[in-house]
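Asker: This is the feature table in TrEMBL:
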type: TRANSMEM; residues: 6-25; note: transmembrane segment
type: TRANSMEM; residues: 37-59; note: transmembrane segment
type: TRANSMEM; residues: 71-104; note: transmembrane segment
type: TRANSMEM; residues: 125-144; note: transmembrane segment
type: TRANSMEM; residues: 164-195; note: transmembrane segment
type: TRANSMEM; residues: 216-235; note: transmembrane segment
Amino acid sequence: VLAALGQAFFSVGVGVGFMMTYGAYLPREVSVPHAAFVIGAVDTVIALLAGLVIFPIVFASNLSPAEGPGLVFITMPIAFGGMGLGHVIGVLFFLLLSLAAYTTTLGMLEPIVSYLEERWQTSRRTLAVVAGGSIWIVGFLPALSDNVLADIRPLSFIGTMSEMSFFGVFDFVTASVLLPINALLIALFSGWVVAGNAFRRELAMKHDVFFTVWQVLMRYIAPVAVLVILISGFIQ
């Protein structure tokens, strides 16, 4: 459940912050609740369609439906190898996967570049190169965790992550720790710190009942739900 929560936050950008950054660029006439609903709905539909395409291939090949890197880099290539024109389908699959990773990376760079631009008053091109280059350098650690760094366990002194490689640590800490905590803090900040009238004006909520429901969700339900899932995930 904790991994699914992290994936949901990452998929729609809730726990990362880039949805708030892009939201700041929206024209006044755009409805934020409507845009958020459409994004969530489209993301869910695409995820379901991807599952309906991928898992029948896995099951038809009598393979175990692993998750994460195991599914993408081990199970799927084996499945493609047993198909007619599997090499062509495999190339297309990984090209589309690379495109998805590239566009996601661009989206996640925007909050960093936007923050640095406001703080340092430097050109976006320079900041994009600095931010992207820094991430690229750090990315060598997980990228090499299945070859030259395969035997290194950076957090071997922590029981939960004692057997994780650099890739596993990056994946677990990001998806299962940082994203849920970020989402929890955003919900608390939205519900308790920012003035209610400011959110009501930005969200264009004209009816009291809608704003009350939103406020209850942000103040109580969302933080408690995220906290319970986060704690239960660590206990398990």
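Every residue gets a Cβ built from N, Cα and C, even glycine.
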Asker: In the same chain, which residue numbers or ranges, 6 or more beyond the ends of the transmembrane segment (216-235), come under 8 angstroms Cβ to Cβ?
Answerer: 1-3, 5, 160, 176, 180-181, 183-184, 187-188, 190-192
Asker: Compare 6-25, 71-104, 125-144, 164-195 by their Cβ pairs under 8 Å to the transmembrane segment (37-59) and return the stretch that comes out on top.
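Answerer: Ranking 6-25, 71-104, 125-144, 164-195 by Cβ pairs under 8 Å to the transmembrane segment (37-59) puts 71-104 first.
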Asker: Below 8 angstroms Cβ to Cβ, which residues of this chain, lying six or more residues outside the transmembrane segment (6-25), approach it?
Answerer: 32, 35-36, 39-40, 43, 47, 107-108, 110-111, 114, 174-176, 178-183, 186
